[in-house]
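According to Swiss-Prot, the features are:
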- 141-346: domain 'ATP-grasp' (DOMAIN)
- 174-229: ATP binding site (BINDING)
- D300, E313: Mg(2+) 1 binding site (BINDING)
- E313, N315: Mg(2+) 2 binding site (BINDING)
Amino acid sequence: MTKIKLGLLYGGKSAEHQVSLQTALAAIKALNQEKFEIHPIYITEQGQWMRGERIEGEVTSVQALQMSGEANAISPVSLSTEIIPAPASKQEEAIDVIFPLLHGPNGEDGTVQGLLELMNIPYVGNGVLASAAGMDKVVMKNIFAEAGLNQAKYTSFVRSVWEKNREEAYEKVEEALGYPCFVKPANLGSSVGINKCKDREELEKAFEEAFQFDRKIIVEENIIGREVEVGVLGNDDPKCSVVGEIVPKKEFYDYKSKYIDGDTALIIPAEITEEETATIQRDAIRAFQALDGAGLTRADFFLTKDGEVYINEVNTMPGFTPFSMFPLLWQHTGLSYPELIEELIRLAIERHKEKQKIKYTI
């Protein structure tokens, strides 16, 4: 059997660089090396692309995935924007499909997806549109509003306008949303830069912090409810996993809880009614289709005590770390971690073949 040459793309110029490394390590451990040739492609925190030797055998630490040195450096495109083909002497190293294990800006936001589209290489996950819209919480929520999905009230700000009149921004939040509220960078995941604000002093500090990570921020009303999540898998005919619940020991599920402490309980499947499950799964698919999703998403919801469902956000490239909800949801749905990764690769190839049917000449 001919092995699929799989390019694992990880790292990235993003605050979520370390999350990506953890995801890549977990994926490598799960991949069947009898079926796949694993070719590591590392993007440093400075944005330099590095291609390493084919992975054979076990990788035990993220440090082993961090490359350096001119020997490994590559340029994905030339300065003339002409895509660089593989040299004739290295045709055997050409990649069949790319698995981008990138989180945050410059990876999960459509930029790399656009590059891969230009290179005409199959890749796992969402395309340019869904990735870009899914990264920007303001754009995402605008799309959800247009699709008629129930969500929390929100408002947004850009740094340049806020700097000119901070008082006006704070007053707008207090009038439109009140306290408590959540302040978030618009284009970042993994709960980086998110703060819950109970008064003006906390609001001011939260704005300062969020604007360190993005030029645009979103402020949302506080919804009191259980945090539930569901996985979506597929292309044009997506399916949902069982619903899971996050029970954080802290006040909300922040970056440290997600990736460092593991300081949460995951209940899978969530102890909710069949009707609530159906509503959450229905809205997850509606959100997926509104974004024109492909491959996978994880949809996050709030479920209030009176049974009302609010969509919070969609993650277009959920993590695969040991603490990650997405693979756990599918394991409880009947799809093991290795099977899940293989299905994502299959979906990537399927979508690429479908795109080849498009006529580009008249």
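Glycine is treated like the rest: Cβ placed from N, Cα and C.
In the three-state DSSP reading, N195 (ATP binding site) counts as strand. Listed in sequence order, V173, K196, C197, L203, V219, E220, E221, N222 are the same-chain residues six or more apart from C181 (ATP binding site) with CB atoms under 8 A from its CB. A sphere of 10 angstroms centred on the C-beta of E313 (Mg(2+) 1 binding site) encloses 21 other C-beta atoms. Taking D300, E313, N315 as the binding-site residues under consideration, the smallest Cα distance to E174 (ATP binding site) is found for E313.
Cα of D300 (Mg(2+) 1 binding site) to Cα of N195 (ATP binding site): a distance of 18 Å. Residue density at I223 (ATP binding site): 17 other Cβ atoms are found within 10 A of its Cβ, drawing on all protein chains shown. Mean model confidence of the domain 'ATP-grasp' (141-346) amounts to 92 (pLDDT, 0 to 100 scale). Here E313 (Mg(2+) 1 binding site) is positioned 21 angstrom away from E209 (ATP binding site), judged by their C-alpha atoms.
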